[in-house]
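S.K.: Take this structure, written in structure tokens, and hold onto it; I'll ask about it next.
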Ligand SMILES: Cc1cc2nc3c(=O)[nH]c(=O)nc-3n(C[C@H](O)[C@H](O)[C@H](O)COP(=O)(O)OP(=O)(O)OC[C@H]3O[C@@H](n4cnc5c(N)ncnc54)[C@H](O)[C@@H]3O)c2cc1C
């Protein structure tokens, strides 16, 4: 590379990196420095690329960066840039509490009655999440049929780009020691590996508490190889019949910009060029169905022309239930998101988040401005206690006022939470409408399978031991019994499920009544059901799905490491060869195909 070019590339990259960190800049300022990122309304009405990646999320960003090394890639993201609300860990709950149309988090409530959120921003879920970074187990990697060597090098690529070793504050250190005392052994120290025992894992928050997101991967893209369009909502994948090919072939996509203008992007003629769906667990099955690939009767009920009757699209969707307990602390507690995990042999994973007034605006000014009090807010609670017609903004405001008047020491402490392995229980996704911006209907069927409930009960029993441990004594009131702590948390209405007040103290009922999400939902385009081992969609060509929707079970204790790794691994080796074959060799050997012969 010429020295002049090299330095301007370095400048662009430095500007990009810097920009992602500078929260004070407006989106206009940021975009001016990001040459390869544009708003959808500034894009041409028709364009051509080797790869079209739908969804600039946790998998989509590393994937697009990797593919751009040897090809021309377009990354289409329906949200905006990751900045403001998401940059510091103190703001963890802000985005989740923002229910506006501009929010980077799109709230949805599953048919089970659990409040949930999906990303709507460049960087996807990595812009909203609690930051904990931990790999999948070696057994998971084997079962997935992945090449362990490639998996490890891809994880390392991810870790070099955005993973940090956390500074562990006293509350998290006490949780670690308490888990060891409770028998979740051995002490595995600091490691990314998924091994039974207690460990400190990685984090995508740096030591100043600033979040690094999957959008950071884009700085590894080849300049000139990547175009990113923001606010580009894909409504449909285009398919055509091709002579000699028994299946419909994907050849492009349609997206709508914020002004309502439709744009079309087509694949170039390279034999290996592809559309890749990375729109997440809700978005990928939804877009397949909107494009005519899905269960025939369901699609027909929505007036969608059926291209391939694929009954498994949207099936096998699961969300690992999270149950938490709030432990009031007699001493002030610093803010921390997940840093420590206890991996029990029975398949429950114990983690914790802490902070005096966790999720509650601290200063008076911030309180006045606050839209609500965060994840465990009275507004969330209100949804559970009030019949839907009474959930008015005024009622929410009154609840928020009541919360403001409470003694702030009431919120001093932390949440110990558990997630279960798997889960075994699963549900499905169905379209509510043909609007790609609307949430589909999602059913997770929490605890339908007894194995899940048994795991949860074991996790609750482990948390009880943690609360009673010597190691955790500084962070619990001496006169607070375990029963009273659980009973207080059981009365906190965190979901829309009916309560069983009298039974809430049995661990089984506690698990069912206080179920929340840990946002690790997955499935809907599972390997073996909707996509093959190479993540190609059955029944069509030139279309893959690469994101959390392909998982049967959630990997590791927390999935983002493996989602990012997946975005890297599948094309790491192949992309270079594909480029040479498809873009240089094939066009010379074969005459160009008529384009596009007939569209669906
Ligand atoms: C609040 C929260 C806390 C979490 N905590 C952790 C944690 O601590 N550790 C951990 O490992 N994991 C955590 N997770 C889970 C993890 O972040 C997700 O599993 C992961 O981000 C999923 O990645 P994905 O690529 O499948 O989807 P996403 O990252 O959601 O990406 C999908 C992208 O597609 C875009 N999209 C969807 N539809 C369209 C369309 N029609 N057109 C254009 N674009 C579209 C979306 O806007 C989004 O950006 C958490 C998640 C959340 C929400």
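Cβ from N, Cα, C; glycine included.
In TrEMBL, annotation is done automatically, which means it is predicted and not curated.
Pasting the feature list from TrEMBL:
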BINDING   121, 234, 519, 520, 559, 560  FAD binding site
DISULFID  456-511  disulfide bond
DOMAIN    119-142  domain 'Glucose-methanol-choline oxidoreductase N-terminal'
DOMAIN    280-294  domain 'Glucose-methanol-choline oxidoreductase N-terminal'
SIGNAL    1-26  signal peptide
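Give me the structural setting of these features: burial, nearby parts and distances.
M.R.: The secondary structure of residue 121 (FAD binding site), as reduced to three states from DSSP, is extended strand.
In the three-state DSSP assignment, the secondary structure recorded for residue 511 (disulfide bond) is helix. Listed in sequence order, 321, 323, 447, 453, 456, 457, 460 are the same-chain residues at least 6 apart in sequence whose CB falls under 8 Å from the CB of residue 511 (disulfide bond).
Across the range of the domain 'Glucose-methanol-choline oxidoreductase N-terminal' (280-294), the DSSP-based residue counts are 11 helix, 2 strand, 2 coil.
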S.K.: Among the recorded positions 234, 511, 519, 520, name every one whose Cβ is found under 6 angstroms from ligand 1, counting any of its atoms.
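M.R.: Listed by sequence, the hits are 234, 519, 520.
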S.K.: Can you check what DSSP calls residue 234 (FAD binding site), collapsed to helix, strand or coil?
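M.R.: Looking at the DSSP assignment, residue 234 (FAD binding site) belongs to a strand.
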S.K.: For residue 520 (FAD binding site), what is the tally of other C-beta atoms lying within 10 angstroms of its C-beta?
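M.R.: Its Cβ has 26 other Cβ atoms within 10 Å.
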